[in-house]
Amino acid sequence: MYQSCLRLVDRLLRKDQKPGRPGLAPPVYHERQVKELCALHALNNLFQDATAFSKGSLDDICHSLSPDHLVNPHKSVLGLGNYDVNVIMSALQLRGYEAIWFDKRKDPTCIDLSKIVGFILNVPSEMKFGFLQFPLSRKHWIAVREVEGTFYNLDSKLEAPSPIGKEIGRVKGCYQDARSTPPRQQQQAPPCERTVQCAQSPPRSGPRQKECGC
């Protein structure tokens, strides 16, 4: 029911938006899951740019990280994606941004949002093949960022961007254990399995400050 309402609102917003009309905010960019390319989708959703990265550019990063390996350790041996955190961090650096590890035991309200582009989270995800669901859990990358004053869960496995709230404290739900997270909040902010990354914008002047180290 909740996802159906989101889809209805999304369709209404898109219907009302006409190209070239000033004053209307564009819809939130959201890539849907393809193969095992969740890292690619998380990066493009983070930057709200379909051309930020491609599978080819992430494959190039994998090769640059381990040029002498016959089997590259940073992606799926089947060529389906499944990129690791080293690829994500290198991709952010290519665009002039820095990935900063955030301790999920800390209060996210300590983060200086003026230096933050968004968050990339590593969360558990159910393993499915078509209509079959296996009793296994895999790691899955998702992006969370603020658009027009509202934080959105941009998980590529969602049918549409899911609004979380207007305050950084609401993002704390992303760090909570699944067993202690209310069902409604779970739909919007999935529990983080281990770590959270903050994508930090490079400072305009002066030394770089790590705002998450509070």
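Cβ from N, Cα, C; glycine included.
Curation does not apply to TrEMBL; its annotations are automatic.
Quick caveat, the model's predicted, so the values are computed rather than measured.
These features come from TrEMBL:
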ACT_SITE  Cys38  active site
ACT_SITE  His140  active site
ACT_SITE  Asp155  active site
COMPBIAS  178-189  compositional bias 'Polar residues'
DOMAIN    25-212  domain 'Josephin'
REGION    175-214  region 'Disordered'
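Taking the features listed in TrEMBL, we show where each one sits on the structure.
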residue	record	DSSP class
Cys38	active site	helix
His140	active site	strand
Asp155	active site	coil
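Taking the C-alpha positions, the distance from His140 (active site) to Asp155 (active site) comes to 9 Å. Annotated pair Cys38 (active site) and Asp155 (active site), C-alpha to C-alpha distance, rounded: 8 Å.
For the domain 'Josephin' (25-212), the predicted model reports an average pLDDT of 73.
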